[in-house]
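Each remark here refers to the structure printed beneath this line.
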Amino acid sequence: MSSLDEGLKQMSQQEYRNEEQNQEGNQEDLNNQNDHNLNNNELDSLSSPPSDNYNEEEFEQEDDIKPDIKIYQNASQNNISQTQRISQTQLPQQQGGGGKRNSSLLQKEHYHQKNQEIIQKLMEKKKKEQEEKEKKELKLKKREDKLRKRMLEEAAKIREQKEVNLESQTEQSDHSNVTKSKKLKFKSVQDIYQLVVIQGKYQREQLTDKQQQELNEFESRLNEEKTTIIKMQQVYRSRQITFLEELKKKQEKKKQEEEQQKLKQEKIQTKLREQYENVNSNLYAETELFKQKKQEITKVSTQKQLVRASSAEGDKEKDDKKDIAKKIQQKNQEYIEKLKEKKRQEIAKEEEEKKKKEQLKEKMKDFVLVNIKKDIENGVFFVDVPEKKPKKEKKKNESKEDNIQITSPKLNSTKSLSSQITRKTNDAKKVEKLPKIKDSNKENHSKERNEDNEEGDDGEYECDEGDEGASDGEDEDDGNGSAIKRKLRKYPFITDLELWKKKQRLPADIKVFIVTGGYHDISKALKKRGWIANPDTKSPCYNFRWSLQTKDIDYENLKDFQIVNHFQKSACITTKVGLCKSLRNLVWHENVDIDTFYPRCFDLNDTEDFENFVEEFKSSKAESILKRYMRMYFEKDPDIEKIKKQAVIAFNVCERKMKELDEIIDDPNSIQLITKKEWNILSADELTEEKLAQKKYEQWLERIEGKNKQKPKKKKKKSKKDKQQGDTEKKEEEEGEAEDEEEDEEDEEEEEKQMDEFTLKVHQILKRYKVKYPQDCLTGEDNVWIIKPAGLSRGRGITCYNNLVEILDHVKSKESQWVIQKYIENPLIIKKRKFDIRVWILVTDWNPLTIWHYTDCYVRFSVDDYDTENLQNKFTHLTNNMVSKLKQRDEKDDITELGSMYFKENFINYLKEKEGYDVFTDKIEPQIVRAIIMSLKSVQDNIENRKNSIEMYGYDFMVDDLYNTWLIEINSSPSMEYSTPVTERLVKAVSEDIVKVVIDYGMEKSKKARKNIETGAFKRIYKGKYVEEKTNVVGLNLICEGVALKKGKKNSNVAKVNNLKPNFS
């Protein structure tokens, strides 16, 4: 080895030994100090005073028993000498045993005093020594870590140098022929190393004692180096494994990027092909038009040439044509006169027929009246079939024709009776048998249908509430296989579906539906499947009904085969109050804490809930003050002393809240969590009633005086949330990758050491809050709560407050039912905006509970940037589409182009770019599915189940900055309007998929066929077990009466039971 290698080696070994010696010395000091310290039991035994029969010789023997305790022994000897002097000088000599007793009492008292002083000193020393121990141990741990790192680095270097030197020395040793067996004299360590290299050629007996010692030392060093090398190998292997894993991940990322690029290129190529085909098709069309124009021009030119050639012959032909025209006019005049005479004769005949009909009316009055009354009682009505007339005649005779439907006939008036009689007599044959239409009349029928469509009757009935008239044109066979389209009529008195179909002359197998409330896509999907719409929206004749509200459905008269889109008593989940109360019953069904997915909510009209809210508001106020205190501490804000008083009381409140139930029950002062004095200090920064009244008065003056004009726009201050996110993004750009978790823990430990006692306690209790309360992340520094009216929707009447006085004033001033919920103060923000997620759910049965989840959800954004300073601005805190419609954003981006909404794909891609993995499918979507199942399980016993009933719900979720999803509310009959491009695409798809699930899948009886039926984007996420319905025992009074059986005698037969007379009622 070279001199440089030896120096490095020796330096590393010496440092390692010195550190080990220091550690051993520190440990020996600690052990010595521990030997000097006394246990509490030993101190109690030593501090006990001597008995009444006390002698100095016995005391000296006790001192000899414990020679190890030097400090206490010296002190005890001094005490003995002092007591002896006192006894010799002060006390007189007394006879008998009385003098000995008095001296022993004095010695006891003096001995007690000295012992107590020594014990206090020893206990103080103990505390100091323990603190020094802990400090030294931490220092030793840090030094050990540093030394290990250095040793590993130096061992790696030594190993590399050794390998090089060994290779060079092995080559030299092969050339040298060492065969002498003389005793060697080693001048340096190199000779020893060479001797070790040449193994087996020297014997130990030939070496001196010093050489053997050096060899042994060197071999021990080699063994140590080998151990270090083995450790280094393990370290390098672990690093190599991690390096290989990182390489694999990078390669997979590259492959994914390449695949994405390929997909993009393929999409671009397909777009280019489509464009190319469109261009070719346009060019082809233009060329054909050009050819047609050429041909027309050539025809015109040839015609002009022919006209010029025959101009001479044309003059003669013109004269002949004039003569022929005169003759034709004469004949036409004669024909017109004949027609006029025929019309006069027809008019005279019609007048005669009218007179005859009037005579018949008078004769048939009594007979017809009786028949009409019977028909009205039976619900049978006759319908006019209008004759086919051209468009002009229809317009003239619209006023003369009677209405198609007879709704309320006036039996008392003679005019109405006469009109009904004429209908009976003239059109009875038409009602019974329709005339067969021949093939020659098909064209006329189609023309008339087109004319009717031009006038306004499109042949399609929009199923909205309040619409009246005929329904869709239905096809009817004319006997020859051709279809005729006609309009359905309304029969309000018919309740039987089969009878209704007979009246409409429809086949018995056809299905009928009613759709109201603007769900046009559902009606289109049903028409594709051959269903027919009933024009009367209030009619009970249907197979399937989809309505906006439950009150449109008559549940008492429903039949088993009729399908309806609402369940009874579903308000327990679709209203804000119902959801708040029903989720508390989830404990009876599942062992789940609702605080993990539903922000805490209270009904302010319930006195118990109101009191709980006030207490919760005050405790969350204390928590927000502590969080503000810690932020100011880390930012080194000089105003932290102003909050110190509030922080101390807030800490006491939080510490009280963290106590367990057993401690609270035993504590007599645990009735109030916060006293009035404490709350006055905590709410020092809030409004009082006087300040609130003054604020309202100023607002009223501004409205009157017109001071609320548009002021010049100021630059918005960044909210605390935006500042924190901006700072974190800058730090990530500057620093690159974050530090390891171990380093973060070390930093936290160092910060905790630097904190004073109070801040350390605050820091620890906030940590405990995070562990115990899952909604700790929702409370920030502002303590914001959101108030919602229980009966309204679409963002109406919703306000945010962070002041208890304002909340109470808001609730008292307006008479309605209010619900208050904890506002999420740490929402996930996308491009400076707040958002929520709308998810559609379909429940097809409650026993067993079957839930269908529509996987294609969408995201709704607020209009303005997120800011907690202005809580009254709806455009920053609400994401409802009805609110965002009222304002347009100045800045345009991909969100505003889609109407302040996002598709699911856009949301997933944004989170992938931000986090590097699919956060939605891995973390957010499973939480959404869990919350849906748990919320519906909580209401399973409250909603009235009915087979062939379904219901669609709209779930609203929010996501916080830790990617925790929170259920906000559940809506019945969610909106299906084409408000934005996002909803237009999704509503069309959802309505088609609803029909697939309810009609195609639900009406199929065979299980094998169901497996092959498509359900679109709907996926069944849960199907529970069937629960047998309990028998209704309520209202029965069961009584059992009789006589008890008695034991017979030994020799008697079986006891008779004739006296037992049961009476059940």
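These residue numbers are counts, starting from 1, taken along the chain as shown.
Here the Cβ of each residue, glycine as well, is placed from N, Cα and C on the backbone.
Marked as ATP binding site by Swiss-Prot: GLN821, LYS822, TYR823, ILE824, LYS834, ASP836. Neighbour density for GLN821 (ATP binding site): within 10 A of its CB lie 20 other CB atoms from the protein chains shown. Secondary structure at GLN821 (ATP binding site), taken from DSSP and collapsed to helix, strand or coil, is strand.
Annotation source Swiss-Prot lists compositional bias 'Basic and acidic residues' at 122-146 (among others).
The compositional bias 'Basic and acidic residues' annotation in Swiss-Prot covers 313-326 (among others).
Positions annotated as compositional bias 'Basic and acidic residues' by Swiss-Prot: 385-403 (among others).
Sequence annotations record features per position, and here Swiss-Prot assigns compositional bias 'Basic and acidic residues' to 424-450 (among others).
As annotated by Swiss-Prot, compositional bias 'Basic and acidic residues' applies to 722-733 (among others).
Taken from Swiss-Prot, the feature domain 'TTL' covers 633-1009.
Look at Swiss-Prot and you will find 1-146 (among others) tagged as region 'Disordered'.
The region 'Disordered' annotation in Swiss-Prot covers 158-182 (among others).
Here Swiss-Prot flags 301-326 (among others) as region 'Disordered'.
Sequence annotations record features per position, and here Swiss-Prot assigns region 'Disordered' to 341-360 (among others).
Annotation comment: Swiss-Prot describes 381-482 (among others) as region 'Disordered'.
According to Swiss-Prot, the feature region 'Disordered' maps to 708-755 (among others).
In sequence order, PRO599, LEU778, ILE786, GLU825, PRO827, MET958, TRP966, ILE968 are the residues of the same chain, not among GLN821, LYS822, TYR823, ILE824, LYS834, ASP836, whose CB sits within 8 A of the CB centroid for the ATP site. Counted within 10 Å of its Cβ, the other Cβ atoms near LYS822 (ATP binding site) come to 23, all protein chains included.
The secondary structure of ASP836 (ATP binding site), as reduced to three states from DSSP, is extended strand. In this entry, ATP is bound by GLN821, LYS822, TYR823, ILE824, LYS834, ASP836, whose most widely separated C-alpha atoms sit 17 angstrom apart. Sequence-distant contacts (6 or more apart, same chain, Cβ under 8 Å) of TYR823 (ATP binding site) comprise PRO599, LEU778, VAL784, TRP785, ILE786, CYS800. Under DSSP, residues within the compositional bias 'Basic and acidic residues' (122-146) fall into helix, strand and coil as 25 helix, 0 strand, 0 coil. Contacts of ASP836 (ATP binding site) defined by a Cβ separation under 8 A and a same-chain sequence distance of 6+ are given as VAL859, ARG860, THR879, ASP956, PHE957, MET958, ILE968, in order along the sequence. The average pLDDT the prediction assigns to the domain 'TTL' (633-1009) is 80. Every protein chain considered, the tally of other Cβ atoms within 10 Å of the Cβ of ILE824 (ATP binding site) stands at 24.
Cβ-based neighbour count (10 Å, all protein chains) for LYS834 (ATP binding site) stands at 22.
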